[in-house]
Amino acid sequence: MTERLLIKALSGGKNTKIITLNGKKMTKMPSALGKLPGLKTLVLQNNLIPKVCPELCNLTQLTTLNLGNNLLEEVPEEMKYLTSLKNLHLSGNRICRFAPGACDGLQNLILLNLNNNHLTQLPQEVSRLKSLTYMSINYNQLASIPRELCFLENLVELQLNYNQLICIPEEIKFLKKLQKLLLARNNIGVLPEELCDLKKLRILDIAGNIIQIFPSGFQDLKLREFYCEGNPLFLQQPVISTQQENVWSLQEITSRFVMNQLAENNPFLMDDIERYPQVRSMISQGKTCAICGQYFITVWLECVRFVPPPKDWKISKNLKLVPLQVLICSYKCFTQRDPNLFGIAQV
């Protein structure tokens with residue numbers, strides 16, 4: 001049956017645009033495919049193919065390639081020759097790596113599906129997928145998101161459910177077009193404040209992680225759907241506690257002075273600071289007190305404010321209050337807080 005279909009396709013020559021050989025128990029990719037340079041769509045899913053044939057390199061007009069549910073162990077190097085490729089489906093394989101150079105020629109790729117594989121990391125070369133709009137890598141073993149992925153400026157949807165992620169890079173803020181972010185069932189403990197810079201984000205799923213509190217600007221996101229069930233969120237259960245005022249280090253006192261002077265555009269400091277990269281690095285970690293608005297480095301006491309989720313959010317069941325992180329610089333500011341702001345106690 002497979003042979004007849006190939007013979008028929010070959011007889012069409014340059015006019016053959018689509019080949020579908022789904023579920024044919026094929027153990028190798030037919031090398032004869034290389035004689036169809038005008039091929040646009042190639043579907044070889046649900047077979048037993050362990051690697052692609054070298055002749056795949058000839059299919060430079062191919063726009064859709066489906067090799068899902070085969071036995072591939074890597075994203076092959078031959079992919080770099082498919083310069084017209086827009087849709088690449090590689091789900092349900094045994095992929096644990098990208099071959100060197102695999103991403104080099106995929107500047108037109110729009111959709112990449114790597115669900116249900118064995119990836120533990122992504123290469124820095126993913127940054128070369130400049131047109132990528134939809135990326136799905138659910139059910140893998142990723143421990144981190146490379147910062148390079150965050151420079152895919154056309155990315156609209158990113159799915160990383162059921163991995164082993166423990167954090168999200170601050171560079172997430174550069175995904176300005178991102179509308180859908182799925183991170184369910186990972187090991188994420190903290191969401192970066194930079195997540196709140198994603199003005200186009202509409203769907204966020206962080207269910208089944210270990211998140212206790214959300215960044216202070218979280219409520220400003222224009223979400224339509226938000227799912228967070230299965231996280232150990234802080235609850236509004238006040239207890240009586242005491243907190244002593246700290247004695248600041250000289251570094252903290254100096255940093256606060258410098259940052260607050262820079263905020264006032266002190267011309268002498270602005271010129272001098274350029275000559276001291278270590279100082280610039282240190283004050284780049286500065287935070288703003290939610291009470292007095294002054295800058296500081298060391299968090300004196302982490303606080304939380306409980307707010308109801310916006311009414312237009314479609315949310316997880318039973319989510320009544322969202323715990324938002326609030327940072328305060330001193331005991332003095334803590335005593336001036338509003339009654340809906342609580343210090344986080346270790347009990």
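Cβ coordinates are placed from backbone N, Cα and C, and glycine is handled just like the others.
Under DSSP, the residues of the repeat 'LRR 1' (38-60) split into helix, strand and coil as follows: 5 helix, 3 strand, 15 coil. Annotation source Swiss-Prot lists repeat 'LRR 1' at 38-60.
For 61-82, the entry in Swiss-Prot reads repeat 'LRR 2'. Across all of the repeat 'LRR 2' (61-82), the predicted model scores a mean pLDDT of 98.
The repeat 'LRR 3' feature in Swiss-Prot is assigned to 84-105.
Positions annotated as repeat 'LRR 4' by Swiss-Prot: 108-129.
Per Swiss-Prot, the feature repeat 'LRR 5' maps to 131-153.
Annotation comment: Swiss-Prot describes 154-175 as repeat 'LRR 6'. Sequence-distant contacts of the repeat 'LRR 6' (154-175), counting only residues of its own chain at least 6 positions beyond either end whose CB sits under 8 Å from a CB of the stretch, comprise 115, 130-147, 181-192, 194-195, 197-198, 205.
Residues or ranges marked as repeat 'LRR 7' by Swiss-Prot: 177-199.
According to Swiss-Prot, the repeat 'LRR 8' annotation covers 200-222.
Taking H, G and I as helix, E and B as strand and the rest as coil, DSSP gives the repeat 'LRR 4' (108-129) the counts 5 helix, 3 strand, 14 coil.
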